[in-house]
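Note sheet for the following structure.
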Amino acid sequence: MGTAFAIALVFLGCCSNVVSLELLVRDFPGCGNIVTFAQFLFIALEGFVFESNFGRKKPAIPIGNYVIMVTMFFTVSVINNYALNFNIAMPLHMIFRSGSLIANMILGIIILKKRYSASKYLSIALVSAGIFICTIMSAKQVNVDNKGSEDQGFYVFLHWLIGIAMLTFALLMSARMGIFQEMLYKQYGKHPKEALFYNHCLPLPGFLLLCTDIYNHSVLFSQSTPVKVPVVDVMVPIMWIYLLINVVTQYVCIRGVFILTTECTSLTVTLVVTLRKFLSLIFSIIYFQNPFTAWHWVGTAVVFVGTLLYTEVWSSVRAALRQPDAKEKKGE
């Protein structure tokens, strides 16, 4: 029951979150900072009440370690959302972030001196190739869509390259944060709810650096088309409604993943999150008619095959299929 409920939360919350983010970005491509701030504020307030007991509960992991983790988490969140300002389409954004497993593995080899099986190294090659194909095809799309003057086309392409560089940096920084978190959990034990709260609460002062941009977008949101909210019969600008949906669905998604980690193995969690990303991608392409060529589909397929290979889902399925046969032989 708990597992099915958690999976439903992940799919419902995360897919709805992608839709609401796409609706926000369509009208205001530079709204990443206000979206990030709203998500952090909501989760921090919820954690302050239910996890830290209004600040009375002492953290199990020292605050100094959380400060380091939070610096990385804040940087990753802001850069990922801010990259949307640089002509990065939502499908490419999602595909790029699907490389998180591989980035984590590469840094694990470099920092923790880990060694992996041949299938793991093959998965690295597949995911890297898939992201490379999608990135190259998106670069061509940027050039095709901007056939103005040569100078203007070069500027737009350079703008897009900055966005790609930002996504790459965020991917590696996210992997480094995962390794740091893994080391903390080994030392102090797992405290995911506590980590969720401090990861969203401690960075809030950092948004003061972005306050001008957040204020400007709040003004723009307030000037958007007003719609009537059925129950309370009040007119509210539609962008604020989209933002509220985005914040709530982000919380639902994160809570679903948290429940899943307590109910299932890490393999199952990874598989569910991977399938969720794939469905979100398909929905984004079909519903919002984002440009997606045959090569994009090839790249996407390669990324997800590589991810599934990394999680060893094929061997798990084969093992599950062999179990009934083994039982039958024992019965004989």
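Glycine residues also receive a Cβ, built from the backbone N, Cα and C atoms like all the rest.
TrEMBL does not curate its annotations; it predicts them automatically.
Some features that TrEMBL has for this protein:
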type	residues	note
SIGNAL	1-20	signal peptide
TRANSMEM	30-51	transmembrane segment
TRANSMEM	63-83	transmembrane segment
TRANSMEM	95-112	transmembrane segment
TRANSMEM	124-142	transmembrane segment
TRANSMEM	154-175	transmembrane segment
TRANSMEM	196-215	transmembrane segment
TRANSMEM	235-254	transmembrane segment
TRANSMEM	266-288	transmembrane segment
TRANSMEM	294-313	transmembrane segment
Spatial neighbours of the transmembrane segment (30-51) far in sequence, C-beta under 8 Å, 6+ residues away: 21, 24, 57, 77-78, 80-85, 193-194, 196-198, 200-201, 203-204, 207, 210, 213-214, 217-218, 220-221, 243, 246-248, 250-251, 254
Listed stretch, out of 63-83, 95-112, 154-175, 235-254, 294-313, that has the most CB pairs under 8 angstroms to the transmembrane segment (196-215): 63-83
Residues from the same chain, set at least six apart from the ends of the transmembrane segment (95-112), whose C-beta lies under 8 A from its own: 80, 120, 123-124, 127-128, 130-131, 134-135, 164, 167-168, 171-172, 174-176, 178-179, 270, 274, 277, 281, 299-300, 303-304, 306-307, 310-311
Intrachain neighbours beyond the transmembrane segment (235-254), with Cβ under 8 angstroms and 6 or more residues off its ends: 9-10, 12-14, 16-17, 20-21, 23-24, 27-28, 34-35, 38-39, 42-43, 46, 196, 220-229
Contact set, same chain, for the transmembrane segment (63-83): CB under 8 Å, 6 or more residues outside the stretch: 32-33, 35-36, 39-40, 93, 97, 163, 166-167, 169-170, 173-174, 176-177, 180-181, 184, 195, 198-199, 202-203, 206, 210
